[in-house]
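Under the heading active site, proton acceptor, Swiss-Prot lists Asp73. Summarising the annotation, Swiss-Prot assigns NAD(+) binding site to Asp73, Gly74, Asn147, Glu148, His158, Arg175, Asp177, Thr188, Ala189, Tyr190, Ser191, Leu192, Ser193, Gln247 and lists sequence analysis as the type of evidence.
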Amino acid sequence: MNNHFKCIGIVGHPRHPTALTTHEMLYRWLCKKGYEVIVEQQIAHELQLKNVKTGTLAEIGQLADLAVVVGGDGNMLGAARTLARYDIKVIGINRGNLGFLTDLDPDNAQQQLADVLEGHYISEKRFLLEAQVCQQDCQKRISTAINEVVLHPGKVAHMIEFEVYIDEIFAFSQRSDGLIISTPTGSTAYSLSAGGPILTPSLDAITLVPMFPHTLSARPLVINSSSTIRLRFSHRRNDLEISCDSQIALPIQEGEDVLIRRCDYHLNLIHPKDYSYFNTLSTKLGWSKKLF
């Protein structure tokens, strides 16, 4: 064992139970190598592990040096929103479909992770968005997002009329099905499907991407990540929501605004030493191949 990482957390709830074999393999391999291992409580229960140290995501964030997320991008997003609050590095083993954020191949995870544990890795700081639904002099409802915050109707699809203010200065108004506010990390997710630009992860920028705007002039807008975005609504309705990473929904009540800004903390995401962002674009999203 080396001094780069001493305590390692195993997290992630895969969609298919067969993927739990990766969790068990990882646990036994790390224990054999002499690491202190904390297993997320639900995983330990499903694997029926005996005499194992377990913890919540928050406890793993407090106690571990590295969290290994086993699953797909959804598992990574769910875990990362909590783990980003703590001084812990995060890496993923892909047991999902796309695996854009989970780099390690499950068939070669031991060798790749062994190199990482020896200190051979690339580190990135990925910022999050904080979304607040609030009314003056009322309690705020707050959530965070790694990928994006999306304004959309609740149950029935319909046009929304809203205004966008950036740093409290009017930017534009719009009639559309909604708005995607994306981080660089999320620029290859829902935002990409809606025609938004790809932002490399190191950019300090936020994109605003209209969803089916009822105009020929609406275009995606890229702003500095230090800006605060305020959404105001012309016709007060009780059926609007914002979604964070398509996992958490906050309803918007009559008279409420939505504030979106960069979080004060960030996710410490790490990759294998041979990681290339543009190679990932090519292999995962079919980005243009070399001609010569």
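Please read every residue number as a count from 1 along the shown chain.
Backbone N, Cα and C atoms are what each Cβ position is placed from, and that goes for glycine too.
Sequence features, as recorded in Swiss-Prot, placed on the structure.
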residue	record	Cβ neighbours (10 Å)
Asp73	active site, proton acceptor	24
Asn147	NAD(+) binding site	29
His158	NAD(+) binding site	11
Asp177	NAD(+) binding site	17
Ala189	NAD(+) binding site	23
Ser191	NAD(+) binding site	25
Ser193	NAD(+) binding site	11
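Cα spacing between His158 (NAD(+) binding site) and Asp73 (active site, proton acceptor): 29 Å, rounded to the nearest whole number. Reported as a whole number, the C-alpha separation between Ala189 (NAD(+) binding site) and the residue listed as 'active site, proton acceptor' equals 10 Å. Secondary structure at Ser193 (NAD(+) binding site), taken from DSSP and collapsed to helix, strand or coil, is helix.
The Cα of the residue listed as 'active site, proton acceptor' lies closest to that of Asn147, out of the binding-site residues Asn147, Ser191, Ser193. Considering only the residues assigned to NAD(+) binding, Asp73, Gly74, Asn147, Glu148, His158, Arg175, Asp177, Thr188, Ala189, Tyr190, Ser191, Leu192, Ser193, Gln247, the longest pairwise Cα distance works out to 31 Å.
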